[in-house]
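According to TrEMBL:
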- 13-192: domain 'Thiamine phosphate synthase/TenI' (DOMAIN)
- 42, 43, 44, 45, 46, 73, 112, 141: 4-amino-2-methyl-5-(diphosphooxymethyl)pyrimidine binding site (BINDING)
- 74, 93: Mg(2+) binding site (BINDING)
Ligand code: TZP
Ligand code: MG
């Protein structure tokens with residue numbers, strides 16, 4: 001289990017796997033991100049099938065060896081089965097309260113919030129952090145809600161009792177802006193998974209997130 005301060009540090013450079021990256025497997029993506037300094041990893045696969053189970057397990061084991069917290073998007077039962085550190089759920093997924101019951105008291109439970117209004121009506125009792133976005137336009141999530149911009153991020157961070165992770169259209173330059181507007185961390189997919197040079201992109205993210213001290 002991570003204490004709140006340790007979790008906050010871990011959220012800083014949060015890499016999420018891309019299920020649409022041609023010729024770049026989720027495990028390879030995670031290796032590149034962690035090698036560069038990613039502080040937390042989420043497995044996200046919108047068309048997960050049981051045949052993907054071994055991949056999730058391999059990523060989980062790799063994160064354990066590298067001592068990087070690993071969470072699974074959408075599926076608390078999968079998260080629990082592979083022994084992940086936590087789960088991330090959206091507003092239309094398993095409610096955080098049930099995710100907490102499935103995962104146990106020591107797990108990390110994150111919830112997505114797409115606006116200040118949504119933040120105000122979300123029950124956060126069983127949550128450890130919120131993911132908020134899209135902050136900037138993104139091509140990675142076709143059904144993303146309204147872009148919140150840095151001002152939206154700032155008001156949500158000011159209002160949230162939990163650390164806020166900004167997501168959506170973020171790369172190294174915008175990461176710095178997100179931190180300046182109250183984000184505890186930035187979550188990224190395509191700036192690494194679809195970069196011409198993923199190692200270079202991940203290293204630039206690590207620099208922007210100042211993660212050498214985490
Ligand atoms: N939730 C809001 S935006 C987004 C998710 C999962 C996609 C983020 O991907 P990218 O490539 O970092 O913009
Ligand atoms: Mg979801």
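Cβ coordinates are placed from backbone N, Cα and C, and glycine is handled just like the others.
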Determine, from DSSP, whether residue 73 (4-amino-2-methyl-5-(diphosphooxymethyl)pyrimidine binding site) sits in helix, strand or coil.
strand
Measure from each Cβ of the binding-site residues 43, 73, 74, 93, 141 to the atoms of ligand 1 and list the residues where some distance is under 6 Å.
141
Beyond the site residues 42, 43, 44, 45, 46, 73, 112, 141: chain residues whose C-beta lies within 8 Å of the centroid, for 4-amino-2-methyl-5-(diphosphooxymethyl)pyrimidine:
16, 17, 19, 74, 88
What span in Å does the 4-amino-2-methyl-5-(diphosphooxymethyl)pyrimidine site cover, taken as the longest CA to CA distance among 42, 43, 44, 45, 46, 73, 112, 141?
16
Can you list which of these binding-site residues (43, 44, 45, 46, 141) have a Cβ closer than 6 Å to ligand 2?
none
Is residue 42 (4-amino-2-methyl-5-(diphosphooxymethyl)pyrimidine binding site) helix, strand or coil when read with DSSP?
strand
